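Pulled from TrEMBL:
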DOMAIN    1-230  domain 'Deacetylase sirtuin-type'
BINDING   9-28, 86-89, 170-172, 214  NAD(+) binding site
BINDING   53, 56  substrate binding site
ACT_SITE  104  active site, proton acceptor
Ligand code: APR
């Protein structure tokens, strides 16, 4: 089976009702990154950071995957699919995708502030001060904050280098190192981009830009390019 590697961003979850970051009204219109998504923010105002992610977890609990998530899961019947997502929601997994790499962490997991190997599934949406790991230290959101290492990046680069087909869906390609993955696609391999707006990338001859939202764009991608004979 051909290897289809997908880089997804907040845009694929937009039609499920989860706001993106940089569209009008997006998360960064309402919060400053330096107040809620950096290690310094955590040290300066732990309650504000905990509340920011509690609100996002509470919202994410009530949303469902959309047709784009399901289309990617279904493509596993035709391709060896790996999803590299910048999203921290679990909609790819809920839709049935079996190989999902979270570059920026996972909203429904918490992590020890003392021992980063201690990661816990969260049973409820709320993480509070006083919620401690088994070694007695405060739990934090299992999220990669700005300025922190992206532990899964090396794995993501290796997988991207092996891609026969690369799909970029719903990301502005504004944040590195994630956005740099496009440069690890082997020369000449096709790159498809699904987004209502052109991300921050200059289109090269091996790139096909499908200027549509995720749900209809996936439909066009599959019918015209991935499975034209189906
Ligand atoms: N379908 C597809 N794409 C969409 C849709 C939609 N319905 N609606 C919006 N988009 C596109 C926008 O045009 C934009 O290109 O989704 C992208 C959203 O971009 P961002 O808000 O920047 O989200 P993302 O690219 O995932 O951000 C990357 O930045 O803040 C950090 O850690 C955060 O993982 C995030 C990273």
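The backbone N, Cα and C atoms fix where each Cβ goes, glycine too.
Here the features listed in TrEMBL are placed on the structure.
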residue : record                       : Cβ contacts under 8 Å, 6 or more apart
9       : NAD(+) binding site          : 20, 85, 86, 87, 169, 170, 171, 172, 173
13      : NAD(+) binding site          : 20, 63, 66, 69, 87, 89, 91, 170
17      : NAD(+) binding site          : 59, 63
21      : NAD(+) binding site          : 10, 27, 28, 172
25      : NAD(+) binding site          : 19
53      : substrate binding site       : 36, 107, 127, 141, 143
56      : substrate binding site       : 88, 107
104     : active site, proton acceptor : 86, 87, 88, 143, 144, 150, 178
Relative to ligand 1, which of the binding-site residues 9, 13, 21, 56 have a Cβ found under 6 Å from one of its atoms? 9, 21
Reduce the DSSP letter at residue 170 (NAD(+) binding site) to three states and note it down. coil
